[in-house]
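A.B. asks: Here's a structure for you.
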Ligand code: RUQ
Ligand code: CUA
Ligand code: CA
């Protein structure tokens, strides 16, 4: 989409926006909060390129400065987009605290290189890319419980789990029978037993070469993954495609947007229908169909597939028509609404969750009877977040704004009352996708900070060539008025984020020796008669060499590894330093071998000694005054 600059608004804006620029100009933006009650609307001045946005204040702007040595109030988990990782920020300082490799490979930690990470990645380890969009933290009773974070990979159709006690990816599954996992959300109530995931693209079923030229036979599936085992429990075949989704706060329903009800394979075709739909899933009815054996399987997969298409008699889905090509779907934190953003329509559709029982029981005349309101928000609505005080905040891509609106006033307006529901439109820079407020994916939404994840940064940073960073803007929403307080550049490309309170996450400072993360490696050592905590041993097993060594700063337990050219060498390092933050590394020069070994961790990596000669290995995480001296030699005898 083109650069729709803030000065050339298209015609047909909602009336409330008229005169916004003259209403508050320049320095008048500060202190305008008091006028909101009078006018019902306030804008934050004309933020244009010629007038750079200034940080203003709701009175607590100083809170965003977290002084050196002090800790942030929230963890922010940002998707790493097509970089495939997850990034952890402290909120509100926006200091980047950690990166967690997930679908990518990581030079620093060895993710994608170590034996442990290869086991977790399984067959999909051969892919070195991912496209992570939607990170979500597990729930108990609608509140974040800090056990896990789950995230999708659109590029290679995967879902991964990150353990939040150690901030490491510990499970990954490739979802069968679908292509491109996009929308991903978690069961919120009673707790996260299911991870729900949308297969975005429609494909032949099975996709084994049949029906390639017959798109009318393409279908996609909605997927439920067991959050503990990370196995796909069941799938639901739907009409149309599946874009974004969310689950409710009762545990009964989930809903997904469909922008391709047409089943088209070209752009024009996907925009042909005036309406697409939101697909609503009845989780208990799907479970019942599976329990009663009312399912099929597809191709080689034995995952139960329940038929949720319109023609199915199973009554597990409903298709609620909404204006064409909807995108984001976000459950309001009061549990009342699924809110679908219109994208090609300036509206959002509010689906009243309390009416869904009647919908499934056939008590409503029309699917549209569950629509509580369809307020007009602005051009290109994409995603919505909440402050826990009855207000919703929707990003509008084409207008480059975040729009604050009141949900109950929108319903009253829809029902014919003359009330204004738009509270404020704030310019952001530029073209926002997702937005996120603190705790706003849980019933604990506290309405303090909101982030607008903008796709374009254009002129906001020092130029770095044709590829620009994205721009994630922090907005203070604690007062009546939204106030922009900070810009954070981000790299390709966080679609989505989730922000939880710091007390909701409990981490380990050092590894526990019985951690399942490296249990298979310990089992291999035991089979070799090796105690990795006490022994430094080289085991020769035909062409295979297994090296077990300890690391205690600044020493490796073994400093000479004699092997023969062509040997497959596995090096297992156990870091016996019990000291917080004392991580060692193991890197073999000229072999593409590198990994992290954190305190009390065991890590292993396997490579072929394919060149004769002397190759130094060294510790590549700075651990000691004699860190540079923490080395050894791989001695490769010619074959
Ligand atoms: S979805 S904005 Cu994955 Cu909107 Cu990206
Ligand atoms: Cu051990 Cu650096
Ligand atoms: Ca469409």
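Quick reminder: no glycine exception, Cβ is built from N, Cα and C everywhere.
These came from TrEMBL, pasted as-is:
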type	residues	note
TRANSMEM	23-47	transmembrane segment
BINDING	133, 182	Cu cation Z2 binding site
BINDING	134, 434	Cu cation Z3 binding site
BINDING	327, 383	Cu cation Z1 binding site
BINDING	495	Cu cation Z4 binding site
DOMAIN	495-639	domain 'Cytochrome oxidase subunit II copper A binding'
REGION	543-639	region 'COX2-like'
BINDING	584, 619, 623, 630	Cu cation A1 binding site
BINDING	619, 621, 623, 627	Cu cation A2 binding site
A.B. asks: I'd like the number of other C-beta atoms within 10 A of the C-beta of residue 434 (Cu cation Z3 binding site), please.
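C.D. replies: Step by step: centre on the Cβ of residue 434 (Cu cation Z3 binding site), count other Cβ atoms within 10 Å, giving 26.
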A.B. asks: Nearest to the residue listed as 'Cu cation Z4 binding site' by Cα, among 182, 383, 434, 627 (binding-site residues)?
C.D. replies: 434
A.B. asks: Determine, using Cα-Cα distances only, which of these binding-site residues is closest to residue 621 (Cu cation A2 binding site): 182, 327, 434, 630.
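C.D. replies: Spatially nearest to residue 621 (Cu cation A2 binding site) by Cα position is 630.
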A.B. asks: Please count the residues of the domain 'Cytochrome oxidase subunit II copper A binding' (495-639) that DSSP assigns to helix (H, G, I), strand (E, B) and coil.
C.D. replies: 18 helix, 64 strand, 63 coil
A.B. asks: An 8 Å radius from the center of the 619, 621, 623, 627 Cβ atoms defines the neighbourhood of the Cu cation A2 site; name the other residues of that chain inside it, in order.
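C.D. replies: The answer, listed by sequence position, is 553, 554, 583, 584, 585, 620, 622, 624, 630.
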A.B. asks: Measuring Cα to Cα, how many Å separate residue 619 (Cu cation A1 binding site) from residue 627 (Cu cation A2 binding site)?
C.D. replies: 7
A.B. asks: By a simple count, how many Cβ atoms lie within 10 Å of the Cβ of residue 623 (Cu cation A1 binding site), its own Cβ left out?
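C.D. replies: So the number of other Cβ atoms within 10 Å of residue 623 (Cu cation A1 binding site) is 22.
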A.B. asks: Filter the binding-site residues 584, 619, 623, 627 down to those with CB closer than 6 A to an atom of ligand 1; keep them in sequence order.
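C.D. replies: Close enough to ligand 1 is none of the binding-site residues.
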A.B. asks: Whole-number answer please: how many Å between the C-alpha atoms of residue 434 (Cu cation Z3 binding site) and residue 630 (Cu cation A1 binding site)?
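C.D. replies: Here the two Cα atoms are 46 Å apart.
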A.B. asks: From the binding-site residues listed here (134, 327, 434, 495, 584), select those whose CB sits under 6 A from an atom of ligand 2.
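C.D. replies: So the answer is 584.
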